[in-house]
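**Student:** Here it is, the structure, as structure tokens.
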Amino acid sequence: METDNLLDGASGEYGSRTGSERGGAPGGRRMSDSVYGDSSGVDREPGDEELYIQQAVVFIEDAIKYRSINHRVDAGSLRLYRWYYSGIIQWGLGLTIAAVLLLAFAERPSSFSISSDPRHRSPAWQPPCGLTESIEMICLIILSVDVAVKSYLIGWEEFRKSKWLIGYTVVILISVMDWVLSVSMVCDEKLRVRRLLRPFFLLQNSSLMKKTLKCIKRTLPEIASVILLLALHLCLFTMIGMLLFAKTEDPKKNGEWELHFRNLPSSLTSLLVLLTTANNPDVMIPAYSLNRCYAIFFVVFSVIGTYCLMNLLTAIIYNQFRGYLLMSVQTSFLRRRLGIRAAFQVLTCRGARRAAGERARVDAVLEVMSRVKMKRYYRAAITTVAQQYEDVGFMDREQFTKIFDELDKDCIKEHPPLPQYSSPTLQKLQLIFSHYYLILFGNAVALANVVCICTVLVLNSEKSTAERDNFVLEIINLCFILYYLFEMCVKIFAFGWQGYLSYRNNIFDGFLTVLLLALQITIFISYRLPYSQWEPSAHGVLSLWEMIRLVNLLIVFRFLRIIPDIKLMALVASTLLDLVKNLRAFAGILVVVYYVFAVFGIWLFEGAIKPPDSSVPTNTSMENITSNFSVACGTYEQLEYWPNNFDDFGAAIILLYDVMIVNNWQAFIDAYSRYTTEWSKIYFVCWWLISSVMWVNLFVALILENFIYKWDRSHSCSVTDVERIRYETSVQLIFREQIQEPTEEELVCQLHQHPHLQLQW
């Protein structure tokens, strides 16, 4: 997962600290560790030489990961720092945070039941008191060690300025106190405050999440102005609607009033739901059936609110957020440049004489690059560029900075050469089987297989599984699987093992082919050679139909092999993969919001909605249950939305998702306002504003930004190039063209302000 920067959220953003704020000139401050420029031309001790290399290695790693360099730089602290940011420690920390968050599914009320429907839900497994509490305490101890290590690495002065680390400490302390209270009450407490604080652990461990949250906070004033305009629009039309659809003497003309405009809360709710089009055209039908002119009211409301104000709100959210995110990315880019500049500065102290000027030795640079933890192809690219200066022996500052431009370039994947065959016949066969037309023919065969499966399914759609003639479908699948095996073998012959495995689509294709072949052999072993008159309904673990269904699912899934061969589809697929890798911080914020609202929902509405007769036997049909009481059409009860509730954490997550989609969300608002209080509508409206209006629109906009970025970079590439190029897509690279390069004066000023590094120039 994405690692945290030690100083994120501190009051000391790079551009906000000056020498006077830190107590005088940089040269006159007391530092915990020192690196001195070699003004006398005397070489350093071997220990100092090694320290400079370690410092340069860590600074380069900070630059690669956009981390702050404001941490301790003595030898022991550097070893601790690299250990802390090692892959296994960060994965362990991520698993600890995930375990803490997942405890909500096991804690009371437990989500461990087959169904969330209270009408026929079996009693959920409740963990014994002390089980989840023990796991939670272990996680809290690990998180306490985490905050202690972070605090030590940055020092006490920087810790006091870091709001996130202070908040991290406070949350852990509150969680421990609440944990002690739970254990003392034998896990019988109704309210666990620490459940609400757990998402903070996820937020503080991701620098990009913290930047995103900060950008959202700065965007709120602009959002509030449009929401205020939206509220004014809603209130204005609510008053007009209550005047138009007031109660009359004729009961036949009171349909609109009775259903949607009976009072102010009902009127506001009806029009708010109409703003999302969830109750359109139901909300206007009673009035429209009396007079077609009433439709003008609802059309004007929807055009202004839904198509103008809501889209304007989306545009403002994205535009303002993009501006603040660009500023945040600018800070991240400054961190990279500052890390590179700091590495160069300490390398100039490594046995260099003042007469040589500010130049780093090439052998020192190569030694640093051999120790830096980074992707292999980036290390190879940077090392290759650095070796060009070996004849000179030194690199100046601009040359040193320039070699790290390779970090922003795409990796071109080179495939191994084709195997060489001496026989002319084998050479011709190799030419045929390595041709692009074989791939096109294979795609056509895969399409034909899917069409055959679809045809058989359509013909047998009305038959039960026992009546279906699985023999025909089995023979069809066998023929296609044999071709897939043939295709895989000839590709291995043409490209060789290494060449075959160098293509990601070949790995996907070959894995599914081997799996299909194994399933086919299993069918023959279990059922011998099947014939049309022998069709057992079940045999062994799986019936013949179930095994054939699994084969068909894999064949349909295998059809995805066509994606890399169609440029636009390949770009779309790679964009989705990049979103999972690089924009997970934005989804992480949504996870945090889901978690908080789910906990609040359980506190407020657990057990609020109960079926009309919970004692109905389990063998009673749903028709008999619903016939015992009359319900209005379109309500929670009539739609049988009973599984959507706040009775446990898992059910609460699904209910919040259903409301976020805004399809029929008025049924939930109506039900909880009837079973609890009218004030419950505030909860659902707040969730709709945060999830559907703000975050989903923002996430869609970022998806578009990501796709446009990749499309602009690959529009001139062929399909083969798209497959070979590993597009490095991150938030920093998406906004790379809008980022300004920091000046040398800015970098030097930041280096002078380093709390643990003293440089004399």
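FYI, residue positions are counted from 1 along the chain as it appears here.
Including glycine, each Cβ sits where the backbone N, Cα and C put it.
The domain 'Ion transport' annotation in TrEMBL covers 126-321, 450-707. Residues or ranges marked as region 'Disordered' by TrEMBL: 1-46. The transmembrane segment annotation in TrEMBL covers 83-106, 165-187, 223-246, 294-318, 436-459, 471-495, 507-527, 547-564, 585-605, 682-704.
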**Student:** Counting a contact as 3 or more Cβ pairs under 8 Å, with residues at least 6 apart in sequence, do the transmembrane segment (507-527) and the transmembrane segment (585-605) touch?
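**Tutor:** Output no: the transmembrane segment (507-527) is apart from the transmembrane segment (585-605).
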**Student:** Any chance the transmembrane segment (294-318) and the transmembrane segment (682-704) are in contact, meaning at least three CB pairs closer than 8 A with a sequence separation of 6+?
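**Tutor:** These two stretches do touch.
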**Student:** Against the transmembrane segment (83-106), which of these stretches has the most C-beta pairs under 8 Å: 223-246, 471-495, 585-605?
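**Tutor:** Going through each listed stretch, the top one turns out to be 585-605.
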**Student:** Hey, which bits of the same chain come close to the transmembrane segment (223-246), Cβ under 8 Å, at least six residues off its ends?
**Tutor:** 256-257, 260-261, 264, 267-268, 270-272, 275, 287, 294, 297, 301, 304-305, 309-310, 312-313, 316-317, 320, 689, 694
**Student:** Considering every residue in the domain 'Ion transport' (450-707), what is the mean pLDDT value?
**Tutor:** 78
